[in-house]
Every structure is written in structure tokens, then in C-alpha cells.
Amino acid sequence: MVALPESVDTGAFCPARERYAAGVREETDMSLKSPKAFFAPLAVGAPQPLREIPARPSRAIHFFDPSNPKMVDKIPQMVGTVDVLLGNLEDAVKADKKIDARNGLIEIAKNTDFGPTQLWTRINSLDSPWVLDDLNELIPAIGQKLDVVMVPKVQGPEDIHYIDRILAQLEAKAGITKPILVHAILETARGVAEVEAIALASPRMQGISLGPADLAADRKMKTTRVGGGHPGYLVRQDAPKGADGTADIHAARAIFQQDLWHYTIAKMVDACAAAGIYPYYGPFGDITDVVACEDQFRNAFLLGCVGTWSLHPKQIEIANRVFSPSVEDIKHARRVVAAMGDGTGAVMLDGKMEDDASLKQCLVLVKLAEELAAIDPALKATYDAIEVD
Ligand SMILES: CC(C)(COP(=O)(O)OP(=O)(O)OC[C@H]1O[C@@H](n2cnc3c(N)ncnc32)[C@H](O)[C@@H]1OP(=O)(O)O)[C@@H](O)C(=O)NCCC(=O)NCCSC(=O)C[C@H](O)C(=O)O
Ligand SMILES: [Mg+2]
């Protein structure tokens, strides 16, 4: 039993202090060196870290500015139509609105029943004058309702360790019973180089999103956009031979625009999959080009991402559709599952060989469809109506 020092204020009830006073020290491990210590709470009285990140649907992480009354008005009616509502405190919120945004988020969180919709926030960057107050004020006020804290401009695992410890201290002080998860944005060159270490930095790590705009600036790419492609990043078809046998470089040739983000998304997906956490595409800034937005989202879905950001209400429907397996995919997946019986061996289906590896891919889709159907009644009805021939 450890007695509290005389100097400690024993006024208001504080669960962490009570536990500390009772000598509950063995639950934490300050060394952080052994694999066992990885799952120890980082502050006495903080909730036990999760051993597995729950697979909660998060097709669209919808950004809103809690200092913008027009956006705030729309939040209650968005509950249930989007998987994640994210109160953004960082970029896109004007400097003189930072405090309003933080207070606005606290108000919305307190006064809204989020039902099946998750509540996330994006805090200010770790080098900003606002981040410490963001955490100090949000966690005691609404920590029990916050599912995930998104951390921008993460450079390496040390940034996650820093947030991890502060969250544990604040959770303990506020008596929060479920651990708040952490999501990193991949938007610095060093962050990309360290993505595997970031993904493994804490049991709180829920996932990682691509931040193409800041990443482009940090890498000194020569683009001026928020995500999406670029017409100059292309491959051109070979020139046909001219009459003199040399290449006719002026002949009409097909050009194929390439994906600027393929390498980074693939690297992020591998890091997340290896760590058991979830990868996301980020923002698509051309709000009017819903077609290219859908293409970018679909590329990310096919590569392994589970969701994306939506910046405008019109992007929510696109994300929900693209990040839900199609009827055709589920129909095919169920046929393969049925045809593969106990899952071993190989069979022919429509002229194609199916084996345990293609079965496993099909099971990824079937499992995702089940998870989405559990929270989306319209999608459930669609999937239930599928008839497998
Ligand atoms: C992009 C916007 C600035 C567009 O806003 P606006 O011009 O007002 O659009 P509309 O007139 O079409 O809006 C119609 C109504 O819908 C409301 N609205 C708009 N956006 C939202 C929203 N996100 N959530 C809720 N409601 C919204 C408008 O207020 C209109 O209402 P009304 O007048 O009553 O009909 C704007 O959409 C916006 O600011 N979006 C969020 C931008 C954002 O969060 N950016 C930060 C994320 S991207 C980033 O940070 C980059 C990344 O980190 C990286 O590095 O890559
Ligand atoms: Mg950014």
C-alpha cells in the first residue's frame, strides 16, 4: 500500500489517484521494452488496451468543421447515414476559429446521440499551439463518447508514443472505461519511410489514412491538388514507324494517366495489414468531379483500404457505395464458397480455377458484407436478396 504524499490535493474524486493511492502500480510497465509490456496501460487507472481493433464499418469518415454553424446544423441528420463523423480541429479550420471548433465539438458530442455512427476528431498537429489544449479539454468532456483521435502529420512512432501516454493519463484522470483509439495520417516523407513502425507503435493504433496534400508538399512533388491524379503523370504508347522506318513521334498515340498514389497506398496497406489495423484513402479535393472521386476511391478499395474521407455531403454516398462489396462480387464470392466445400483442392467455375487462395479472397468480401449489413439495413436487404445459382 502506497500512501499519497501530503501535498497531493485530495479534494475532488479522481479514480486514477484513488488507484495510485491503493498501490495499483503493477498494472503498468514503464519499460515499454518487452512484448508483454505492449499491452500494459500507460497510466495507473487507464483502461486496458485492446488486443484486437474492432472491425467497425468506416467507409466514409465525414469531416465537418465544428465552428461552422451551417455544417453543425446538418450533423444530427447525418447520424446513421455515415459510418464516421469527424469533428476536424486542424487544417481547414481558421486559426481564429480553433477554440470555437474545439468547444463546438464538445457541444455537439454532448448533445447528440450518435447511435451506430462513430465519433472521431482530428486534433491539431503536435507542433501547434493548440494540440495540448485539444486533448486536455476534449478527453475529460467527451472522452467516453470519442472513438478515435486522428493525429495529423505523424513523423514516426515517437509521435504515437507521445499521444499514447497523454491519452492514458487523461483517460485515467477522467475515469474513462474504454480506450480511445488513435489514427495516424500519412502526410510526411519520413512518415511514409516509417509507416511500419507507426502502425506497430501502440495497441491504440486503429488505422492510417493517406494525406496526399501535405505529403505532396513535404515531398516537394510538383502538384497543386488535394489528392487525385494529374494529367502530366502519364505513360505514352510507343510511336508507330513512319515511312522512312524511324519512329513517327508526331503520330496520334494513346496516353494513359498513371496513379500518383499507388506506391504510397500499397505501402500503407501492407503496413496496416501486417499490424492488424485499417488503411484508408484520404481527401479528394475536387468536390465537383464525382466521377474521378469514385475512381480514386475504388482504386483504394481494390488495393485493400476499408474507407476514405468525405469532405462534402455528396462524397458520402460515393464512399458508402464504393467501399461496400457489389452485388456481383458477393454473388460470385458465395458461389466460390459453395463450390469449394471444405475449402481444400481446386475446382473450375465459369472456366476459371478456384482454390483456397481465391476462396480466402472471397471470404474477405463475404465477411465485409456481413459487417456492413449489421449496421446498414438497406445493404442487408440487398445482400439478402442475392440468389446464388
Ligand atoms: C469544400 C467546402 C469548403 C465546400 O463548402 P460549400 O461551398 O459551402 O459547399 P456547398 O455550397 O456545396 O454546401 C452545400 C451545403 O452543405 C453544407 N456542407 C458543406 N460541406 C459540409 C460538410 N463537410 N459537412 C456538413 N455540411 C457541409 C454547406 O454548409 C451547405 O449548407 P447550406 O448552405 O445550409 O445548404 C466544404 O464542404 C468544406 O469545408 N468541407 C470540409 C473541408 C475539410 O474538412 N478539409 C480538411 C480535410 S482535407 C485535408 O486536411 C488535407 C489532408 O490533410 C492532406 O494533407 O491531404
Ligand atoms: Mg494534411
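Glycine too: its Cβ is placed from the backbone N, Cα and C atoms.
Here TrEMBL flags 60-225 as domain 'HpcH/HpaI aldolase/citrate lyase'. On the 0 to 100 pLDDT scale, the domain 'HpcH/HpaI aldolase/citrate lyase' (60-225) averages 98 in this prediction.
Residues or ranges marked as substrate binding site by TrEMBL: Arg122, Glu187. Counting only same-chain residues six or more apart in sequence, the Cβ atoms lying under 8 angstroms from the Cβ of Arg122 (substrate binding site) belong to Phe63, Leu86, Gly87, Asn88, Leu89, Glu90, Met150, Val151, Pro152, Ile185.
Neighbour count (other Cβ atoms within 10 Å of the Cβ, all protein chains): 26 for Glu187 (substrate binding site). In the three-state DSSP classification, Glu187 (substrate binding site) falls within coil. Annotation comment: TrEMBL describes Glu187, Asp214 as Mg(2+) binding site.
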Other CB atoms, at most 10 A from the CB of Asp214 (Mg(2+) binding site): 19
Glu187 (substrate binding site) to Asp214 (Mg(2+) binding site), Cα to Cα, whole Å, comes out at 5
